[in-house]
Each structure stands twice: as C-alpha cells, then as structure tokens.
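Colleague: My structure is below; once you've seen it, I'll send some questions.
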Amino acid sequence: MPVHPAIPPISTSLLTLFLYVQTSFPSVPGGDAGELLAESCLTGVAHPPGYPLFLSLVSLASSLGAPLGLSPARSANLLCCLLSALSVLLLSLSGARLASPVPCCVSGVLFGLSPLVWEYSVGAEVFALNNFLVAALVHALVCFHTSPLPSSRRRHAFAGALISGLCLSNQHTSLLFIFPAVLSVLQSLRASSLLTPALLLQLAALSLLGLSPYLLLALWSRTPTPGSWGDLTSLAGFVRHVARAEYGTLSLAPSRNSNVESAAERLLIYLKDAGGQFGLFSLLVAAGFLLSVKAAAGGGKRAAPRFAPPAEKAKKAKKGKTPPSPAPPPPSLPPNPPLPPTPHTSAYKTLLLVLLFYLAIWNCIFSNLPLHIPMAYNVHSRFWMQPNFLLALLAAPAASRLSALTPSPSLASLSLLSLATLHQVSLNYEFCDRSDAVHNLEYGLAILDSLPPPDSSPTLLLSHTDLDWNTARYLTACESSSPPLPLPNLVHVNAQLLPYPWFQRQISAGLFSPAVFPPIQPGVSTNKMDAGNTNLILRFLAANHAEFGDRMFIDMQAINDAELGPSNVWHNVMLVPHAVLYRVVSLPSDFGQDPATDLRRMAAHHDETVQFIDRLPRLPADTAKYGRGSWEYAALSVLNDGRYQGALSFLTHALELAKHLSGDTALMDQYVTGLARSSSLLGALVAERGGGGVEGDAPPLSFPLGDLTKNCALSYMKYYQSLTILEKFYEETWPGWSRNGGGHDVEAVALRAAEVISIHLKDVGVGRAGTDTGDQVFVNFMELLHQRHAGVTGWGT
C-alpha cells in the first residue's frame, strides 16, 4: 500500500518533537535566555541586534502558556522545541526533493538529534528560531531549483525573499546563507529570461517586509526598561543597535584576540566537531557530500535504452553473417521508457556554494574567539549548526542510493532510518537531557535569597556578569509573585551597561531611583582585572552609601581576588561574603588605629556569613554532562565560589588574629572558631573530589584547584596547631574548654588534616625538583602527625 510522501517527514518531525519536550529545560536556561525572557515580559529591547522576532514569539508563547499554568520560561522552552521540530520537517521535505521520502528522513534525524542541535532546541534561545528560518530558506531554495514551471519558480523566489528578511531579523549570520543563495537565484532567473525590473522590485519589497520586525525595537525603545539596551528612538541609535556596532558588526567579540587559531586550524576543528555530531553516520554524510559534488559537476549515469535503435541493430548485423531483420518490435511491448531525470545540477551547485561560502567566511573572518577556551568554543560552535544542516541535507541522496542497492529499497530505507534514530538517541539522549537542569534557576534564586528581607529600606544590587544579571533579572521581571519575591524596594543595576552613553536615558527615566550614578571617567572598564573596573565600582558605591548604607550588594565575579586584603578588606570597604554576593560595609573612620578592635568588628559579621552560606543550594556536580564551558558548570562554580570566599574570609581573619592573641581568650575563641569554619567549608569542597579521595574530577570551580587544596591544608594545619596549644595551656584558663568540647576534637582534626594534606601533596607532586617551600612545611607537619597519632584508630599509614 503506497504511503503519502509527506507522512515519513511528518512522523520524523513528531518523533523529534516528543524527544525535545521530554528533555527540555524545566525553567530558565543559562546564557542570554534570562535577559531575552525578561525583555519579552517587559516589552524591552534585548542586547544587539535586539532579536525582535524571537521576543515577539516568546511573548505570544507566554500568553498562551499562562492559562495552562506554564511559566514564561517553560512556555519559551516548548516554543523552541516546536521550532526545531519544524526545522527537521523542512529538512526532510527538502531532502525529498533530491531523493526519495523515507531516506530523506535520515537527514532530518541526523541533524535534529545531533548533540549541538538537540542542546539548543530544548531551551529559550534564538538558535532554534534561526534553524527553523534557515530550514525554510533552504527549502525554498531547493524547491526553486527543482521546479520546472516558471510560475512555481517565481513563487518560491518570493517565499525565499520574505524568509531572507525574517532570517536577518533574528540572526546576522544568516547573511552567509542569503548572499550566495540570492546570487544563485538571480543568475538562474536571468538565464531563464524570468528576471525583470518588476520582479526584482517585488523581491526587494518582500525582503524589506521580512525585516519589518526591527521596527518593533523603535517602538519598544520609546519606553525603556531597566534592562533595555540602546536608545533606538534616533536613526543613528537604531542603526548602531541593529548593526551590533557595540559588539562588533558581524563578529562575536568587539576586538580580535591575539590567541585566535589560524583559519586552517579552525576549519579542522569544525570538521572534527562535525564528525562528533553525526557519529558513525559521518561516513554517510561524507558520501553524500561526494555524490553532491559529482551531481553538481553534471555527473550521474543515464539508463541504457531497453531496445536498440535500427542503426545499432544494423551495425551488429554487419559484423555477423546474418542480414538485419526488418521485423518491428512486438506491438505488445511498450515503447522505450523515458530516461530517469538527471541530478538537479543547479540545486547541488547552490547548496555546495552556500556551504563552502559559510565555512570560509565564518571560520576565517567573522569569528574572532579563541577556540581553546571552553566557554568561547561553546559560543562559537553554536554557529556551526547552519553548515551542519547542509551536510545533513546532502546525505539524503547517499541514503537513497544506498537503499536502492538492496533487493528491497523500501525495507532498507526504513532500516537505515531506524538505525540512524537509534544511533543518535543512544549516543546523545543522556547528554542532551536538560529536564534536570535547574542550576541557573537555583543560582538566580540564591542571588535573591542572599538579600535581606524586604522592608521600607531600599536595597542596591550591582550585577557584573551575564550569569548574575540574566537569571535574577528574569525572576524579578517575569516571576515576581514567587518566593523569595517580590522585592519591591530592590534596585537592580547591570554594571556592564554603566559605561554606555545611552544608559543615561534609563537613569533620567527614574528607573533606578534612588540610586546615584556618578559621571563616567576616561579609562572605564568592566573587566575585573582592570583598574578602570575597580575605579568604576568604588565611585558608584561611594556615591550610593548615603542612601543605601550597608544594604549594598555586589556579585563576587566583579572583584579581582588579588585586590582583597585580610578579612576581605577591599580598598576603603569591607566585602562581607553573603552566599554568592558580597555585602558592602563601610570601614569606620578610626579603622587601622587598633588592629585588635578592627578584628573584633570584622568577626561580628561571621555569623551572618555562615547563615547565608548554609542556605546555598547543593546541586549534583555532573561534570561529564555539564562540563567546562556550559552555563550549568558556571552556575555550580559560582555557588562553590560563595563557599570558598566565605571560607577564605574566615581563614585570613584567623591568620591576622594570630598576630594579636597575646593571651586574649576572646580573640583565641574567634581564632579557633574561624579556623574550624574555614576548615569545614574548604574540606567539604575538597571532599567532592570523588568522595574525598585523591582520584576523581574536581568540583566545578572558577579558581585553581591547587589553591583550594593548599588553603584547605593550611587551614587544617593551623586548626590542629591551635587545638594542641589550647589543650596544653588554656584548659584551665578558658572556661568550658574540653578536649572534645564544641566540636573541637583534636584527633579527628588530625586525621582530616592528614587526609587533606595528602591530597594536596599528591596534586602538586611533592618530591619533584623545585617543590614549593610551603609544601615542604606540609611534609614536615605530616611527619609530626604520624609521630603523635600513629596509634589513632582509622589513621592511615
């Protein structure tokens, strides 16, 4: 029983949609998703080029999902699942124009279930819409080149012109598809005498119509939101924003990094990545590419005629002894069947031209990120989905040819499609399953939970990175009815926007009242390693101290750790760890006159630090699934930073206290308590290494692992030494002290100290030439521990 040609592509699309929904994010993803969702909720302008089409669709999806109880993030995630499934449908339909219906679905499966596409299909990002629009453009292009009727070709050219404009209203990289495609279509129209001035004007008008979503940006910009980018109420501002001038037009970064790989290296990296996307079926993709090159060159065999013409029969008879027979062919036999159509040479030529043009221009010119850095690699690789789309499409003829070689092509096609589906699902399902990816949501909630409870006093939060701004921005803009929200007196400022001249417009609109914004000085920077960043933040904090007092908070990623002094003193303020934030506390006017008094003041904030660190969520660190470069890894890293920075504040404070003890039992109490707290926090982070052993992956960190193990070893060593001193000298003079009192168990601390120091010494390779002097101190301390505690139960040898 014949099957309608559209059923296999539709079935394939529905299968991918089901898998996408099953593995989609339950809430807000990382990256730009939080900002895009927030601006769609508030009708604001997102970062350049603004993404008006995507924001409009997300706003529509949120409106449809709200009656069903779906959050804006969940609605947007499901929208992206649908868009990606539609791109698989269009890819399969395009392949059906070049091959048979069932084998063409192999292309759809290979692309739609590849890890890169799958990952960006299940969360609220612009790439799912980009894949859909590119798929629509390629489908129009293939239909144009394979349609025999002039009216049909004109219709597909019109569709392609409109889609081209829509593509550019979402992603500028679509231009690398559009430019060679337009040249091909115009040349074909001209060769067939269909290109007229009137047709050219119609195509241009449709392209401009596709760009019309950008007009929404000018409308939205008339009423800025706290997170809106740019001033698009002027023509210059509009052009600057749409052209991404502040990011670098047609570039990923404003300036080129000196460590960027060569063009050849980047192409080789792409080919290696593409092989990973298609797995074992890379051989089929490679065969499809070679067959497409042959077809583009006009290759392909034509079937031999079933009956030889009279002239050929005469030649054959001339060679023999029998004269040619004049008898005509039997009337019951049909005439010679028509020859099979030759490959669609122009379609293959265009697809190959677009593919090679994109790879050359994107990898060699437009992309300026260093691919040896994990996060930069991940950002860059998202733009490899477009050439992967074409490679998957070109695999359709190879799948059709392979099936045709078997006795039962239909059965072979179904088997090949089943194998491709099982292959991609088995390899990629677990990695691409984001149904448990609540890391960025939990991190955003941790930021807001780090703030004091809302009251009549305003609170200032200065966010410095996308990770800190985007998710918290989404929660306050789109889910303000959920705990720990609302925060009616929260003033949330994005530090990255402060240096832009157009930000003054948002300030003048009173969006951040009562915050004060000092004039921007020359040399300003938002790179935390630059002095310009330090100056920017210090001047902003000083200007707002009178209004906000000690209710000013800043994310930890804004501060260069090398500038932090003992007890987290940073220039003229103290930064009190507050979970994943710092609370900014002004130093008293007499600070520095009496060190012991200063240390007592600082210790007054320690209970507050412990309280908020204890509230941090603990999430599983699946580094195999969420590796370096992923937003989930980044969120876990900063959550661990909160614990690490809190521990360091206790450790550095204790080391300063050690200089001023002099028999002061109150300071000694602070000293031991601080070391106990730092050892506990640092030890818990070290214990995440394979359950506390030497082997295993390190927990997600944004600081060197060696720093963690060394500081932990130092903390436990000092902790143990302080307990032995107390045991010997303070047992009588310190009321309430006992060997096992207050959680201070000397033997237990000795055991843990030995474990941690062993881990550190193995990491740094003690015994090799050039061993650090500090590490030799640990070696000597380990010998002391073995002498004193060799008989302790559980003690390692």
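Heads up, the Cβ atoms here are built off N, Cα and C, so glycines get one too.
Fair warning: this is a prediction, and the values are worked out from it, not measured in the lab.
The compositional bias 'Pro residues' annotation in TrEMBL covers 323-341. Marked as region 'Disordered' by TrEMBL: 301-341. As annotated by TrEMBL, signal peptide applies to 1-23. Taken from TrEMBL, the feature transmembrane segment covers 50-70, 77-100, 120-144, 156-179, 199-220, 351-371.
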Colleague: Quick one: do the transmembrane segment (156-179) and the transmembrane segment (77-100) reach 3+ CB pairs under 8 Å, ignoring pairs fewer than 6 apart in sequence?
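Modeller: Taking Cβ pairs at least 6 residues apart, the transmembrane segment (77-100) and the transmembrane segment (156-179) are not in contact, as fewer than 3 fall under 8 Å.
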Colleague: With the transmembrane segment (199-220) as the reference, which stretch in 50-70, 77-100, 351-371 has the largest tally of C-beta pairs below 8 Å?
Modeller: 50-70
Colleague: Pairs 6 or more apart in sequence, C-beta under 8 angstroms, 3 or more of them: is that satisfied by the transmembrane segment (77-100) and the transmembrane segment (50-70)?
Modeller: yes
Colleague: Determine which residues of the chain contact the transmembrane segment (50-70) at the Cβ level, with the cut-off under 8 Å and only residues 6 or more beyond its ends counted.
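Modeller: Distal contacts: 36-37, 39-41, 43, 76, 78-79, 124, 126, 129, 166, 169-170, 213-217, 220, 229-230, 232, 241-242, 478.
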